[in-house]
Amino acid sequence: MIDPLDLTQRLIACPSVTPADAGAMAVIATALESIGFTVHRFAAGEAPDGPVENLFAIRGQGGPHFAFAGHSDVVPPGDGWTSDPFVPEIRGELLHGRGAVDMKGAIAAFIAAAARLGDHPGTISLIITGDEEGPATFGTVALIDWMKARGLCPDLCLVGEPTSTHRLGDMVKIGRRGSVNMWIENVGTQGHVAYPHLAANPIPALVKALDALAALHLDDGNAWFQPSNLEITTVDVGNAATNVIPAVARARLNIRFNDEHRGADLVELVRRTVAEHAPAATVRAVISGESFITPPGDFSALISAAIMKVTGLTPELSTTGGTSDARFLSKLCPVVEFGLCNATMHKLDEAVAIPDLHALADIYEDIVRTVLAHPGA
C-alpha cells in the first residue's frame with residue numbers, strides 16, 4: 001500500500017519549479033513501478049523553456065482505458081514563507097509545502113488509490129508532465145503526440161487540478177474557457193512636444209482603438225459558461241520625459257472566451273477593430289487554448305456519486321477559472337477535472353488538509369473502480 005501523505009511529502013521535497021524536475025519524476029516512477037505500472041519517461045524541448053520531463057505510466061490491458069493527468073512542476077515559492085517551501089512541514093492537520101495542493105497531493109492520492117485496486121479489468125494510465133505551470137509547450141502536448149503514435153489514447157481522463165473551493169468535493173470542472181493573448185503596437189514619429197507638426201503621436205489612435213475594444217460586447221454567456229471578457233492588461237509608451245512625443249505606443253490584452261467563439265475569430269475581430277481606429281498598428285496574437293466542455297453525463301455523474309459517497313457533498317459542475325492542460329486532453333477524449341481545495345494554491349504557506357489527502361484517494365479509488373467495472377460509463 002502507498003500512503004498519500006508520505007508520497008506527497010516526498011514530492012514536495014523535490015523543488016520542481018517549472019521547468020526543473022529536481023527528482024520529482026523519479027519519485028513518481030518508483031512509486032508506480034512498485035505497484036505494477038510500466039513507466040515511460042522522456043524529455044522534450046530545449047532551454048529556456050525546457051528540457052521538460054514527461055512521464056506516461058500504464059497498467060492492465062484492453063478497455064476501458066482510464067487516464068489520470070497531472071503535473072509535477074510548481075510555481076516559484078516567493079519570499080515570506082513561515083517554513084522552507086520545499087521542506088514539507090506538518091502543523092496540526094495541515095501539510096505545508098509548495099505543490100501540496102497544486103498538484104502533488106492529487107498525484108499522490110491517485111497513486112495511492114491505484115495501489116488499492118489490485119487486479120482489475122481494463123487499463124489505467126497516468127499522464128504526468130513537468131510543463132504545466134510554464135509555457136505548456138513541451139509537456140502534455142508532447143505526451144499526447146507520444147500516446148497517439150503508440151495507440152495509447154484513453155477513453156476517459158480525469159485531471160487532478162485543485163478544483164474544490166471551500167470544501168473537498170464542492171466543485172468539479174467539466175470545461176474551461178479559452179484564452180488568447182494579443183499585443184498591439186502603433187508606431188509614430190518621435191519629436192518635441194512644442195513642435196507637434198514635426199512628429200506623429202502614436203498614442204491617440206491607440207487609445208481610440210483600445211476604447212473600441214473595451215466597448216465590445218462578445219456574448220451573454222450560456223448555460224455552462226459565463227460571458228466572454230476582454231481585458232486590457234498593459235498600456236506602455238516607455239517615455240519618462242515630459243517634453244517628448246513618443247515614437248511608439250504598445251498595449252496588451254487577454255480574452256477569456258466561452259464556446260460561443262473560436263480563438264481565430266476573436267483575433268480577427270480585434271484586428272478589424274484596431275484597423276478602424278489605428279490603421280498603422282500591428283497586432284500579434286497567441287491562442288493558448290480553445291474553450292471546451294464535457295457535457296454532463298455518465299462520467300460527471302459517477303464522479304459526483306463518488307464525491308457524495310465520501311464527503312456527503314453534491315459538487316457543482318463548473319467551467320470557471322483559468323486554463324489547464326485539460327484543454328489539450330479534451331481533444332483526445334471526455335475529460336473532467338477534480339482535486340483538492342485551491343484556496344492556498346500559488347500562495348505563501350500553501351497547504352493541504354491531511355484528511356483531504358486520504359479522502360481524495362478514497363474518491364479516486366471509487367471513480368476508477370466504477371469506470372473499469374462499467375465500460376459504458
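The backbone N, Cα and C atoms fix where each Cβ goes, glycine too.
The number of other CB atoms found within 10 A of the CB of His71 (Zn(2+) 1 binding site), across every protein chain shown, is 31. Swiss-Prot lists His71, Asp102, Glu161 with the feature Zn(2+) 1 binding site, giving sequence analysis as the kind of evidence.
Around Asp73 (active site), a 10 Å sphere centred on its CB holds 27 further CB atoms from the protein chains shown. Summarising the annotation, Swiss-Prot assigns active site to Asp73 and lists sequence analysis as the type of evidence.
In the three-state DSSP classification, Glu133 (Zn(2+) 2 binding site) falls within coil. Sequence annotations record features per position, and here Swiss-Prot assigns Zn(2+) 2 binding site to Asp102, Glu133, His346.
If you look up Swiss-Prot, you'll see Glu132 marked as active site, proton acceptor, on the strength of sequence analysis. The 10 Å shell around the Cβ of Glu132 (active site, proton acceptor) contains 28 further Cβ atoms across the protein chains shown.
Each residue in Val74, Val75, Gly99, Met103, Met345 lies on the same chain as Asp102, Glu133, His346 and has a C-beta within 8 Å of the C-beta centroid of that Zn(2+) 2 site, without being one of the site residues. Listed in sequence order, the residues of the same chain lying 6 or more apart from His346 (Zn(2+) 2 binding site) and placing their CB within less than 8 Å of its CB are Val75, Asp102.
The Zn(2+) 1 site, placed at the center of the C-beta atoms of His71, Asp102, Glu161, has further neighbours from the same chain whose C-beta lies within 8 angstroms: Gly70, Met103, Ala106, Glu132, Glu133, Val159, Gly160, Pro162, Ser324, Gly339, Met345. In the three-state DSSP assignment, the secondary structure recorded for His71 (Zn(2+) 1 binding site) is strand. Across the structure, Glu161 (Zn(2+) 1 binding site) and Glu132 (active site, proton acceptor) place their CA atoms 11 angstrom apart. Least packed by the Cβ count within 10 Å, out of the binding-site residues Asp102, Glu133, is Glu133. Glu132 (active site, proton acceptor) sits 6 Å from His71 (Zn(2+) 1 binding site), taking the C-alpha atoms as the reference points.
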